[in-house]
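See below for the structure under consideration.
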Amino acid sequence: MIFQLERTKLQVLCALIWCIVSAGPVFGFAALKPVLIAQGVYHEKCQQETLFSGSSPCANQDLSLNYLFTLSAVVTNGASLIVGAILDKYGPKVSGIIGAILLFIASLVMSNGYWLMEYFDAYLIGYSILALGGPFVFISCFHLANAFPKNSGLVLALLTGAFDSSSALFLIYRFIFFSNLGEKFNLSLKTFFSFYMIVPVYILLCQTFILPSESYSSSPMQKLDNDEIADIDEESALIDAPVADCIDEYLPIQIPSNGPSDLLNTINESLSRSLQSPSQNILTDQYAHSRSNSFNQRVISSRSSFARENNLLLNANNQLVNDAVFLEESDQATKNQVADIHKTINQAISSEIQKNSNHNLDNSLASSVILDSVSIIEQTKADEEMAYESGIDGTLHGASLKEQVGSIWFLLMALFTSIQMLRINYFVATVRSQEEFLLGDPLAAKKVNEFFDLALPIGGLLSIPFIGTLLDNFRTVTILSILLGVSLIIGIMGMIPNATANYIGIMFMVLYRPFYYTAVSDYCAKVFGFTTFGTIYGAIICISGLFNFVQTGLDNLTHITFGMNPIPVNLLLTSLTAIIGGVLIIFVKNHKKPKKNVLIQSDQSNYGSIEQ
């Protein structure tokens, strides 16, 4: 047990190290851009043009450099669904190894870009592959949090912090490059990315010899001994009687005589995939998962209010005691959610039975199935109860994926997310040129750029505790209002030709970025539920990523049409934010909750059957 604990700690340490240097370095583009200019990347595009003063690039060079980041942002976000699918099907080790290979190829291309440019756009391809490798190595390590049931939130927070810190990699490189050390050791792009090849090799070695082949189970009950289980709050180990009874309806079940443990693992994996799929853990948005402990801590208090609202009875242990009330008078979303859990268990059982020709009847697995599914079902119930408290009441829980994707809830959030992601990435790529125009002073613009480079990773780390507090204590419509208000402040500050206003805007920006990503995740969980969370959230991020191609058009407008004046584009994006954000808030605020205690007839004739 001690050896296993030490090994899991080593695994987390390995993951933290590689996440710090490889999870999302492409988002440190603002810091890398001056180095690319100094190294003459795309300088050939300026042969027929007059360069701007100082070390600023010409228009075509600047557009080409900005497109590096535009495409990398599209690749990172657009590949989220692919990464999640591979992780679900092949596991974390395969995903991590794929990421390591991609990072090695990216390093090889970037380090030899100066001569590969004769054959293809090496820097564009290399930077895009670097962007693709990040999600593979980052997402593949989330399951490690399940090895520490009592501290899973802490592990996820550390991994998230490592992701935010990874944007500082190019900041450190820039500091060294423009220092005496950079000149002394000739720390060119070739040298830097040649050394960077150590990172994918390190990841490959860790995945091969230290990291587990399979994901740690999402059920903490599998990872605790009896003494540890006794230390957990008793409420966290309770399962409501109606849910237990419904699961009992699937028993007796046919169990392979040679592998009941395999069946149990299959059920747990299927439940995890259905209710809390690893594919939901996309990009920087892992803050919501660090709040899972907070969800569980609030189950006790929220259950009482939830029961009162639904006229349900609780016993001394805060368990629901009236099956009839739950099954007949709860709302449709609740019934659909419980039915989804049953269907998942049923499908897992059927799948395992079909793999084994020899099987017998065994009721002894009933208690194991229930106990091992407690954490997932409790999380689902907590999700439902938190959604009820949030004011949106699990609006589309239990609805089909087609209904969810076709809903106004999905459309408005996809539009709002797309505009916000475009604004953030546009600023990251053009902060230097924007400040040069607004302030009219290249040196002042350089200082603002350097401040932003440093504030971006630090802001992400500082915002983590505040994000959880806000999301746990305010209703969804309030969170959306805060998002919109801060976003408008950032937009306004970014159009004022004053250094103080610009610094204020940047400080809001670096805090807003992780808050916005997490709020979107929180919204999806509360509106759509965890059953389809991975697909819904992945779709929103994917759509937003593809929408980032619009950034190229905005760059052209700024450079050619508006003569480097960023105000028209910023005004357009801020206006769209106000319109779409305002419509979203009005829609959520005016959403009418479904009436409770309405008797709903449902056909339960299939309960307990094995799907063939």
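Note that Cβ sites are derived from N, Cα and C of the backbone, with glycine treated the same way.
Unlike curated entries, TrEMBL annotations are predicted automatically.
Per TrEMBL, these features apply:
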type     : residues : note
TRANSMEM : 12-32    : transmembrane segment
TRANSMEM : 67-87    : transmembrane segment
TRANSMEM : 94-116   : transmembrane segment
TRANSMEM : 122-142  : transmembrane segment
TRANSMEM : 154-173  : transmembrane segment
TRANSMEM : 193-211  : transmembrane segment
TRANSMEM : 408-431  : transmembrane segment
TRANSMEM : 451-471  : transmembrane segment
TRANSMEM : 478-496  : transmembrane segment
TRANSMEM : 502-520  : transmembrane segment
TRANSMEM : 527-547  : transmembrane segment
TRANSMEM : 567-588  : transmembrane segment
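Long-range contacts of the transmembrane segment (502-520) within the same chain: residues 164, 283-285, 287-288, 413, 417, 420, 424, 427, 435, 438-439, 448, 451-452, 455-456, 458-460, 462-464, 466-467, 470-471, 479-480, 483, 486-487, 489-490, 492-494, 496, 537, 540, each at least 6 residues beyond the stretch ends and with a Cβ under 8 Å from a Cβ of the stretch. The transmembrane segment (193-211) shares the most Cβ pairs under 8 Å with 12-32, out of the stretches 12-32, 67-87, 154-173. Same-chain residues lying 6+ beyond the ends of the transmembrane segment (478-496) with a Cβ under 8 Å from its Cβ atoms: 420, 423, 427, 434, 438, 470-471, 502, 504-505, 508-509, 511-512, 515-516, 519, 522-523, 566-567, 570-571, 573-574, 577-578, 581-582, 584-585, 588. Using a cut-off of 8 Å between Cβ atoms, the transmembrane segment (12-32) and the transmembrane segment (567-588) share fewer than three residue pairs, counting only pairs 6 or more apart in sequence. Of the candidate ranges 67-87, 94-116, 154-173, 451-471, 567-588, 567-588 has the most C-beta pairs within less than 8 angstroms of the transmembrane segment (408-431). Listed as Cβ neighbours of the transmembrane segment (567-588) (distance under 8 Å, sequence separation of 6 or more from its ends, same chain) are residues 391-392, 408-409, 412-413, 415-416, 419-420, 422-423, 426, 434, 438, 476-477, 480-481, 483-484, 487-488, 491-492, 494-495, 554, 557-558.
Of the ranges 67-87, 94-116, 451-471, the one with the most Cβ pairs under 8 Å to the transmembrane segment (154-173) is 451-471. Tertiary proximity for the transmembrane segment (94-116) is limited to same-chain residues at least six positions away from its ends with a CB under 8 Å from its CB atoms, namely 22, 41, 83, 86-87, 122-123, 125-127, 129-130, 132-141, 189-194, 196-197, 199-201, 203-204, 206-208, 211.
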